[in-house]
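Please read the structure below before turning to the comments.
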There are 2 protein chains.
Amino acid sequence: MSKNSPSVAGTKPSLPQGTRDFGPDVVRKRQYILTTIKNVFELYGFQPLETPAMENLETLMGKYGEEGDKLIFKILNNGLNDPKNIDKAKAAFENVLQGKNDKNLTERALKYDLTIPFARYVAMNHGQLTFPFKRYQVQPVWRADRPQKGRYREFYQCDADVVGSNALINEVEFVNIYNTVFQQLGIEGYEVRLNSRKILTALAELCGGADKMLDITIAIDKLDKIGLEKVKEELTQRGLTTEQITTIETYLNVDGSNEEKLQHIKALLQQSEIGNKGIEELEYVLSMEHTQLPIIDFTLARGLNYYTGIIFEVKAPATVKIGSIGGGGRYDDLTGLFGVPNIPGAGISFGVDRIYDVMEELNLFPQTIAQGSKVLFFNLGIEEAKIGYALMQQLRKQGTAAEIYHENVKMDKQFKYAEKKNIPFAVILGSRELENKMLVVKNLQTGEQQTLKQEELLSYSF
Amino acid sequence: MSKNSPSVAGTKPSLPQGTRDFGPDVVRKRQYILTTIKNVFELYGFQPLETPAMENLETLMGKYGEEGDKLIFKILNNGLNDPKNIDKAKAAFENVLQGKNDKNLTERALKYDLTIPFARYVAMNHGQLTFPFKRYQVQPVWRADRPQKGRYREFYQCDADVVGSNALINEVEFVNIYNTVFQQLGIEGYEVRLNSRKILTALAELCGGADKMLDITIAIDKLDKIGLEKVKEELTQRGLTTEQITTIETYLNVDGSNEEKLQHIKALLQQSEIGNKGIEELEYVLSMEHTQLPIIDFTLARGLNYYTGIIFEVKAPATVKIGSIGGGGRYDDLTGLFGVPNIPGAGISFGVDRIYDVMEELNLFPQTIAQGSKVLFFNLGIEEAKIGYALMQQLRKQGTAAEIYHENVKMDKQFKYAEKKNIPFAVILGSRELENKMLVVKNLQTGEQQTLKQEELLSYSF
C-alpha cells in the first residue's frame, strides 16, 4: 500500500460479482461446519491434502466437458509486453478470440473442482503414497458461472476420496461419515440415498443397449425437478421407443421399503449379470452397521458420467426446501487422464453453502459461536489500565479470551462496546479499586456485579 | 472429469512454478502453526475475516508501487470471443501490450496481500463495524515473483490489525501476541524488536529535513544484509553529506540495554518534538506487562513507507539463519485510498513459511502431529470384518480415530499398512476370536499384545 496515491482517493470500492466477504460471525459459523466435517474425516482415517489455487491450464482443460471448459478462470501471463513475448502473445490472443486456449497468453488457471487437482496429485506422487490413499480436501474453487442466489464464482468444496481400493467397505464408510457429520451438526430428517450405476447400466441393457445409458441417466437425473411426464418426453426426444420408456417407467415406480424395492428390482433385472452385481453390492452396504439406515432410491442417477458403482446423495430435511446437501460415488479410474491407469476409488462431497443455509433455517448453530471475548476490562485511567492489563494477561494465560478497552473514556461507551461485541462480562477497576486492590466483575446479561480482591479474579468462573 | 478423453492419457502432469502441494504431514504441521496463531488472536479479542481470492483489478492497482503492480496476477475475462466483446477486447489487448491495464481484458485479479482487501472491506462496511475493529485474517495471496528458495507464487499471509484506534495499548497487545504465539510454539531465543518511525523522522530532521526520510529508511533497512560501510556508501549515493552520514552513524551505533539505548537517543534527539514523542511511546510500551521484554532496536526501519509510529520485527533464534519471522507497525490512514479517511490503525503479520522452517530446523513439532488413526482393525474375513466394523463404530463414537483394512489379505500386508501410516495399535479379530467373542489388541510399537473380550475394547486405553 503506498501512501503516495492520494489521486485515487474517493474511489468507491466493490467486490467482484459472485464473490463474498465473510465477516466474523459468518466465518465462525462456517468454521463450525468445516471443523465438524474435518474432525469426522480424521475420525475415519482420512488425511488432509491441499493443492494450489492455480493449476497449469493443460491440467484442467478438457476435463469438464465443453460447457465446463468455458467456465474456467484463466490467468493472464505476466510480462506479455516484454519484447521477447510480444509476438507469441499476439498470436495467442488471436487463438483466444477464436475460442481456443493458448498457453502463450494464459499458462495457468484457477482450479474448477478438487477432483482433477487430486487426480493430478495422485498421478504425480503415486510412487510415494500408501494405498489405499484416503484424503480429504477443503478448499475454494472458482467457476465463471452466471451468479445467482446460492451460486457463487468462488465457493468451498469439501471432499473425501479413497483411491487404490475396490472394496465396498469404503462405501459403508462414506454412508457413516455422512451420518456422523449430520448427527453432530444436529440436522434431523436428512436422508442418505443410494443407488448403483450398475443397476442403471442393467436398465439400459434392458432398454436395448448400453449406448442408451447416458440418455437415460441424464433424463432420470431431472426427475426431481421436472417430474415423470417431462422425463418421458425427454426420453422420447432422445430417441427411446414407447416400449423402452414403459420399462423405464416401471423401474422408476419401484417403491416401498428398502427390502421391497430390492425385491421388485431383482424381478425386473433378473436376467442382467451387472444388475445382480449392483443389487448384491447395495445389500452388502445395507448389511453393515449404520447409525441411520441409508435409503435405496433407484431414481437417483447423478449426471456425471464417470461413476461406475454405488452412488450417493444426501437430501436436506424435507422441511427446508434446499434439496441435495452432498453426493458422490465410485469411479473406475481416477488418474488415467494423467498417464497412471488402474487407480479406482470412491468419494463424496459436502455442499457447504447449502448446509450453512439448512443450519441457519433450522436455527442449529450453537449460541456460543457468535461470542469472541469473554471479558472486557474497562479502561479508567493510566495506572488503572496498567494493573488491569497485568491481571488480564493472567486470565489469558488460563485460556480466557479477554480485551481491554483501548482508551479511557466514559463508561457508557465502554458498555456499548461490550454489548455490540457480545462480551458477557466486564471487569471494572477504577481509582477506588486501584487503591483497595479490588475490582468489580459485572455480568452484563444479568446486571449482577460482585466486588473481588484482585487476586481472586483468577478463580472467578466466567 | 470426463471419461471420454482417452486421447490425452499419458500427459505427464506438473505444478505451476512457485506453487506447492501440501501432503498430509505438511498440512498437519502447517495447521499446528496456524491454529496456534489463530487461537492466540482469539484470546486477544481479534475476530476472523475472510475476503475472496479475486478482487476487482482497480481495487489492487496502484497500491503496491510500480514493481508490485507488475507482480499482480490478472484474470482473463471470460467470453472474450463473444461478438459483443471482441472489439473492446482487441483494443484492451493493445493497451496491455503497452504495459497498461484494461478491464475489458482483465476485470479481476488475485489478491497480492491481505492489507488492501482488508482496507477495501473496512471502507465498504465501516457503517456496520464496531470500532476499534480487531480482525485477523489467514489466507493465501499470489505474486508473480520469480520463484526461488523460500519464495513462492502462492503463499499464506497471517495478519492481525486493529483499526479505528490511536491507543498505544494496541502496540502492547501486539508484542504480547508475538510472545504468546512463539512461547506456545516452543521457539526459544526469538526477539521482538521495536523502533518508532517518529524517531526515524527525528533523525531525518536532524540530517537536514524530512525529505531525507525515505532515503534514510531505505538505506538503514539494508544494514543487516550489507553492513554499515555499504549503507554509508548508499547514503552518499542518495545525496547525503559526510556530516549527515556521521550523524546517522552515531544513531546506528547507539547500543546497550533498552535503558541505555533510550538514554543515548534522548541525548541525540533532544531538540526534536517528534523524536521525544517517539521515545515516550516506546517507554510506555516497555512499562507494561510482558512475558518477554521487547528489545529496542533503532536500526530497525522497515522499508514500507506507510508506517507512522511504532514498528515491530521478530527475529528468529540466532541459531537458525532465517532472519525475520514477523513484523508490522502503526499506520495513520488505512482506508483513505477508498474514500473513507481518518481510520488509523496498527497491525502485525506472521511469516508462516519461515516459522515452519524454524520449527523443522529446531525439531519443535510434536510427534503426535504426524499421527492419523490410532487403531487399525485387521480384515480377516467377511463375518470377522462385519463384527470388527460394528466395534470400530463404537470406538469412533468415543472419539478414537480408527480404520479397518479395506480387504481380507495376508496379515503382513496389513501390518505394513499400519506401519506406513504410523498407526500405533492393531485390533485383530480372526475366526477364532469371532467364535469366542474375543479380540486381540496389539501395540505396534512395543509388540505387546493382549486378548480381550470384545466388549472390553471400549474401555481399553489407546
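Just so it is clear, glycine is given a Cβ too, placed from its N, Cα and C backbone atoms.
Annotation source TrEMBL lists region 'Disordered' at B:1-23.
Residues or ranges marked as domain 'Aminoacyl-transfer RNA synthetases class-II family profile' by TrEMBL: B:17-355.
Under the DSSP three-state reduction, B:THR115 (L-histidine binding site) is assigned to helix. Residues or ranges marked as L-histidine binding site by TrEMBL: B:ASP113, B:LEU114, B:THR115, B:ARG143, B:GLN157, B:ASP161, B:ARG302, B:TYR306, B:TYR307.
Mapped onto three states, the DSSP output places B:ARG302 (L-histidine binding site) in coil. Applying an 8 A CB threshold to same-chain residues 6+ apart, the list for B:ARG302 (L-histidine binding site) reads B:THR217, B:ASP221, B:ILE311, B:GLU313, B:GLY327, B:GLY329. Shown are the binding-site residues B:THR115, B:GLN157; of these, the residue with the fewest other Cβ atoms within 10 Å is B:GLN157. Confidence over the domain 'Aminoacyl-transfer RNA synthetases class-II family profile' (B:17-355), given as mean pLDDT on the 0 to 100 scale, stands at 94. All protein chains shown were included, and the count of other CB atoms within 10 Å of the CB of B:ASP113 (L-histidine binding site) stands at 18.
Chain A lies within reach of B:THR115, taking the binding-site residues B:THR115, B:GLN157, B:ARG302, B:TYR307 and requiring a CB-CB distance under 8 A. Taking a C-beta cut-off of under 8 angstroms and a sequence separation of 6 or more, B:TYR307 (L-histidine binding site) has the following same-chain neighbours: B:ARG197, B:GLY329, B:ARG330, B:TYR331.
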